[in-house]
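Asker: Just passing along the structure, written as structure tokens.
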Amino acid sequence: MRYLIFFSKNVFTLFAILVNTYLIICDGKVLSTLLSLNSQSETLPHTLIFISFTTVMRNVIFDDFIQYLIIVLYSVTLFLIFNLTFSDINLYCKLCECIIVIIFLLYQLIESHINCLRSKIIFWRKFSEEQVESNDVDIEKNLSSQFETETEHLIFICEKIKNDIKQASKAIIYKDIKLRLKESISDVMRIKKLIGHGNIGAPVIIENHVKDEEDREFIEQNYREISHSSNGEYKKSTTFINLFDHKSSTLFPDYGLQQLSSVLEGIGKNWSFDIWFVQETTGSSIGIVGQYLFAKFNLKKRFKISEDVLDRYLNSLESHYRDNPYHNACHGADVMHNLMYFVSSTDIQKFLNPIETLACIISGLAHDIGHPGVTSRYLIQTRDPLAIQFNDISVLENMHCAIIYQLLNKAGHNILEKVEADDWTLCRKIIIEMILATDMAKHFEILGRFRARACTLCDLNLDKIDDKILVLATGLKCADIGHSAKYNYLHQKWSGMVMEEFFKQGDLEKSKKLPVSMYCDRITTNIPKSQAGFLKNICLPLYDAWAKYHSMEAITKTLEELRKNIEYWDLNYGNRRSTQPAVTDNVASLKHQESYGGSHA
Ligand SMILES: [Zn+2]
């Protein structure tokens with residue numbers, strides 16, 4: 001059928017040529033000469049019919065000038081030959097008839113050409129109108145994302161091709177071409193899906209998005225490195241637990257702190273949960289939060305973990321955090337709370353089984369364990385033994401994972417001792433992938449991958465373990481920079497600690513006569529400017545994608561807080577261009593916070 005439709009025009013053209021041939025040759029005055037007849041009474045005067053038929057043909061193939069031209073040229077040539085050669089009427093009449101036919105067909109040809117142009121103009125107008133509409137949507141979509149990886153860029157191009165073809169298809173009337181275009185759309189969609197699932201660690205296009213040179217330098221120094229991740233097939237999880245299905249009031253009878261019990265209920269529920277209160281009242285943060293969560297999720301009973309072993313392991317985790325301004329045990333506990341907040345206030349909780357929950361808790365609590373208070377870049381540049389040990393690849397994050405398992409191997413510390421082999425392997429995979437994802441050098445790569453799957457392709461399936469880990473890893477990344485989306489008073493407190501840790505690194509770099517890293521010089525750094533840049537360039541795109549994926553008020557409100565914090569720093573930056581007072585004020589505000597400390601993630 002499609003074949004017939006495709007060749008219908010050619011069949012029509014052939015038909016027109018045959019009919020015109022008949023009309024010209026079988027005309028009475030031609031035929032009488034050809035057959036040597038004396039009378040024309042037995043034949044028809046066909047010139048008028050020939051002209052009428054050619055006019056009808058113009059309407060049948062109105063949009064194909066070339067085919068109509070073929071019919072007309074053939075017909076006129078044949079008409080002239082037969083009429084001038086064989087017609088039995090006088091020469092004057094012959095010439096008049098030929099001129100009339102030529103003028104009329106010429107007029108038909110011009111009309112056909114004009115109609116053809118008109119239909120093309122209508123097509124292109126319709127096409128370009130729809131193109132403008134879709135361009136508006138594309139521009140809007142583009143504005144929402146400040147950074148894009150090559151993967152996202154390719155997906156965006158595929159999306160654009162799809163939209164262009166769709167619009168072209170709307171403006172086309174031929175079904176066979178429409179079918180071809182439909183096939184092209186499904187091909188492009190297949191390519192888009194392959195790109196989105198391809199885990200391409202393509203470089204990030206930063207130059208077009210960050211105008212500020214210092215911010216660009218800061219991103220180049222801290223947020224770009226070699227990618228490194230693991231892949232593998234693990235069995236699908238089948239059993240799930242209901243989060244927060246235990247009464248928390250009975251969780252800490254030994255502490256004898258009624259007030260603490262009610263405060264701890266805020267873990268994973270109250271976004272502005274104050275970890276410092278827990279630290280100040282108990283002298284512990286990781287230990288308390290860890291105990292609370294293990295009890296909440298009934299993990300001790302589920303994995304047959306004895307009280308002593310859990311106590312020892314959590315205490316070891318806490319003691320292996322160093323007393324940095326920012327990357328200390330409090331940061332670990334706070335990030336754990338942030339992660340729980342994301343898990344429990346979204347659909348993620350429905351997809352977590354006990355071993356996956358256990359892996360999340362270990363990852364959150366220990367994600368910065370042993371952090372030396374300097375960046376991986378500093379360790380690599382100073383040829384630190386840690387950088388040598390981990391081959392310059394995600395140095396800090398590899399170290400955090402290694403410490404988690406070194407502690408598990410210590411006598412009386414192995415909380416995973418009774419865990420079945422498959423679960424143990426799955427738990428390790430989740431912990432490693434989640435913690436390695438917190439390497440800020442892979443920030444844009446992971447953000448790009450998450451955004452491609454969660455916001456562009458919208459095909460994340462939490463029943464699949466790799467997709468689930470991508471979501472959990474992104475959740476831990478959001479939790480890790482969670483202070484940027486906290487209420488302003490909490491955010492300011494954490495920001496002061498981050499800057500102090502940066503400045504300590506700057507002091508170290510100065511003492512070693514190394515170039516001071518961007519925003520690490522306590523004399524020249526403009527804190528509001530650096531914070532505004534960090535929040536806009538790093539935090540906002542991540543939280544924006546996270547909020548779009550979940551579309552839940554609990555997450556959207558964190559994005560709103562983040563935007564308020566950006567406004568706060570912008571205002572501060574505008575109010576005091578002089579850098580020195582900002583640093584002095586900030587350092588003074590840190591005097592009473594010395595026991596805590598830190599860096600951004
Ligand atoms: Zn961290």
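Just so you know, glycine gets a Cβ as well, placed from its N, Cα and C.
What TrEMBL records for this protein is below:
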- 12-35: transmembrane segment (TRANSMEM)
- 65-84: transmembrane segment (TRANSMEM)
- 91-110: transmembrane segment (TRANSMEM)
- 248-576: domain 'PDEase' (DOMAIN)
- His327: active site, proton donor (ACT_SITE)
- His327, Asn328, Ala329, Cys330, His331, Asp368, Asp480, Gln531: AMP binding site (BINDING)
- His331, His367, Asp368, Asp480: Zn(2+) 1 binding site (BINDING)
- Asp368: Zn(2+) 2 binding site (BINDING)
Asker: When the Cβ positions of the binding-site residues Asn328, Ala329, Asp368, Asp480, Gln531 are compared with the atoms of ligand 1, which fall under 6 Å?
Answerer: Asp368, Asp480
Asker: Please indicate, using numbers and ranges, the residues of the same chain that are 6 or more beyond the transmembrane segment (65-84) and have a C-beta under 8 Å from a C-beta there.
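Answerer: Same-chain residues near the transmembrane segment (65-84) but 6 or more away: 9-10, 12-13, 16-17, 20-21, 24-25, 27, 29-30, 50, 54, 57-58, 94, 97-98, 101-102, 105, 108-109, 112-113, 116.
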Asker: Do me a favour and check the Cα-Cα span between Asp368 (AMP binding site) and the residue listed as 'active site, proton donor'; whole Å is fine.
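Answerer: Rounded to the nearest whole number, the Cα-Cα distance is 7 Å.
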Asker: Express the predicted model's confidence over the domain 'PDEase' (248-576) as a mean pLDDT, rounded to an integer.
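Answerer: The predicted confidence over the domain 'PDEase' (248-576), as a mean pLDDT, is 92.
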Asker: Under 8 Å between C-beta atoms and at least six residues away from its ends: which parts of the chain pack against the transmembrane segment (12-35)?
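Answerer: Hits for the transmembrane segment (12-35): 42-47, 49-50, 53-54, 57, 60-61, 67, 70-71, 74-75, 78-79, 82-83, 86-89.
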Asker: Mind computing the max CA-CA distance among His327, Asn328, Ala329, Cys330, His331, Asp368, Asp480, Gln531, which the record assigns to AMP binding, rounded to whole Å?
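Answerer: Across His327, Asn328, Ala329, Cys330, His331, Asp368, Asp480, Gln531, the widest Cα separation comes out at 23 Å.
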Asker: Asn328 (AMP binding site) has how many other Cβ neighbours within 10 Å of its own Cβ?
Answerer: 26
Asker: Over all shown protein chains, what is the count of other CB atoms within 10 A of the CB belonging to His367 (Zn(2+) 1 binding site)?
Answerer: 29
Asker: From the Cα of His367 (Zn(2+) 1 binding site) across to the Cα of Ala329 (AMP binding site), what is the distance in angstrom?
Answerer: 10
Asker: I'm trying to understand the geometry here, so how far is the Cα atom of His327 (active site, proton donor) from the Cα atom of His367 (Zn(2+) 1 binding site), in Å to the nearest whole number?
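Answerer: Roughly 10 Å, rounded to the nearest whole number.
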Asker: To the nearest whole angstrom, state the Cα distance for the pair Gln531 (AMP binding site) and His367 (Zn(2+) 1 binding site).
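Answerer: On Cα coordinates alone, these residues lie 23 Å apart.
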Asker: Give the number of CB atoms, excluding that of Ala329 (AMP binding site) itself, located within 10 Å of its CB.
Answerer: 26
Asker: Would you mind reading off the Cα separation of Cys330 (AMP binding site) from His367 (Zn(2+) 1 binding site), to the nearest angstrom?
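Answerer: The Cα atom of Cys330 (AMP binding site) is 12 Å away from the Cα atom of His367 (Zn(2+) 1 binding site).
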Asker: Would you mind reading off the Cα separation of His331 (AMP binding site) from His367 (Zn(2+) 1 binding site), to the nearest angstrom?
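Answerer: His331 (AMP binding site) and His367 (Zn(2+) 1 binding site) have their Cα atoms 10 Å apart.
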